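Annotation source TrEMBL lists domain 'ABC transmembrane type-1' at B:99-314. What TrEMBL records for B:12-30, B:103-123, B:135-161, B:187-207, B:291-317 is transmembrane segment.
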Amino acid sequence: MNPLRRFLRTPEAVAGAILLAALIGMALIAPLLFPGDPQAIAGPALLPPFQDWSLPLGTDRLGRDVQAELFHGARTSLAVGLAAAAAALAIGSVVGTLAGFAGGLVDEVLMRVTDAFQTVPSFLLALAFVSVVGPSLGIVVAAIALGTWTGPARIARAEVLSIRERDYVASARAIGMHPLEIAFREVLPNALPPVLAMSSVIVAAAILTEAALSFLGLGDPNRVTWGGMIAEGRAVLRTAPFLSIVPGIALVLTVLGVYLAGEGIVETTAVRRGLS
Amino acid sequence: MTRALILLRRRLVGSVFVLLIVVIGTFLLLEAAPGDAVDAYIVSTGGDAGMIELLRHRWGLDQSELTRLANYLWALLHLDLGQSVTFSRPIRDVILERLPNTLLLMVSATALSFGLGSALGIYAGARPGSARDRFLSIGSLALYAVPGFWLGLVLIVIFAVDLRWLPIGGIETLASDKTGLDRAADIAIHLILPVAALGFIYLALYLRMMRAGMAEAWRQDFVLAARARGLSRRRVVLAHVARNALLPLITMLGLQSAQMLGGSVVIESVFSVPGLGRLAQEAVAARDTPLLLGIILTSAVLVVVINLLVDIAYAFLDPRVGAGEAGA
């Protein structure tokens, strides 16, 4: 059976794919549906949801349209989640490949550095990094990647250790290929599948970390973020709890979609490769 | 016992290196910050150029980066973390004052997530593929997708604002002269919501690991043998399947400690718990770099110690862990 059909037969995976598609749709049509600044005042302050159909989700403390903010927030969450995960996977695979392929002192040093990064709570590291360099979208991405590359690095290293003894690596050596070329053109691509299998967990963690940073006021101040919306709503938690609850639900559905779809993809492809 | 000691010694040596990397790395990172403690101080108090010059000199900030790093490491050897500008007190004292609250929060949340998570994992894994297994698997995934700080706010809305059953934040009732058991009960009531918010997120992790481990164990020969011997299902599940699935969870306990500590930063902020995490946020807000450095360092030491304890516990629980392979 081909992997796509297998994927479509798993209800959890399909549910995840639908959630993700909805999120990506939201992110893509946000500028078309809500052109202009989502942080502009759109109506009376603290309008409850489902009162005025031009503002279906109501307005926040300053009279900003919650629905517009929600759609634009999807862009930030998705962009940061994907970019941070891509950066973490890239750094992790390169460090892991270098450590595993070079062995010896290089391996020892790189792995101790990995240990050090895993010893500092990654959220604390991200907090310190953003506060030092100043909050902007790129810095938030870098801060999250800084705390998440260690997992992929360990997995890539373990995989490289088993690959480097294989015949095709020995033959690449025999024809006089440069070791770095062997490492990155022969070994790394073959070590990637188990590393990529972690992507959904890493994207999900990155989205949650971004939300937490924004919640603490360390997100990009020029962008709408769901974490920032939750923090905004916190000031009126007693009278208008929906302002914090609605963006939180969006976060939960997004992360859940990423997990379910990711798990579905890993399972269907693992079966195809005969691993399960 | 000697096995555990050898393991401990080997791990200690490695840990010192790791902590050294953490100190130097964090020191250099925070050095890169625009503005220093003097700038932060002058912003809050005001002062002229002469004052700035004087303070820079007094706090040793006019020396080179390398000299200051060396001075910092030397001071660290004497367990001196320096002076906090914002609190006008030694950083060590400020941290030690806040640490117990964070530890209390972490230990309680870990107990909740590990205890309830593994119990539910056993319940789900006892009958793989059953309705309750599927329900718990999906439910735990949904829980894992919930941001802890948001769960905290939702709990506040329900239990503190609407029902008024529990306090909205803080670690104990302010200006109450409670002592002994009364005070402990007061703290416990204040901790219910933050512990729930922090613990429920990680519960999913232990549940899923336990379940996966049990699914694996069901396929093993010794389980088949136990069933063939005619042991009751309950006995097979608890004494053979679950017992073998429990060991990896204990390793996870150590690996998760750094995550837990990071998570408590946000949870402490939501519930105004005066712990290490809130202190980190205060340090960020006040640009108190030495204080932030001290907090990161303390957290790293805490994580290292927890992992050492977990390794030792593991060596006792799993007879297969020999001293030879312990350093891997």
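Using N, Cα and C of the backbone, Cβ positions are placed for all residues, glycine too.
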Ranked first among B:12-30, B:103-123, B:187-207 for CB pairs under 8 angstroms with the transmembrane segment (B:291-317): B:12-30
For the transmembrane segment (B:103-123): best-contacting stretch of B:12-30, B:135-161, B:187-207, by Cβ pairs under 8 Å: B:187-207
Other parts of the chain folded back onto the transmembrane segment (B:12-30), taken as Cβ under 8 Å at six or more residues beyond its ends: 65, 69, 72-73, 76, 289, 292-293, 296-297, 300-301, 304, 308, 327
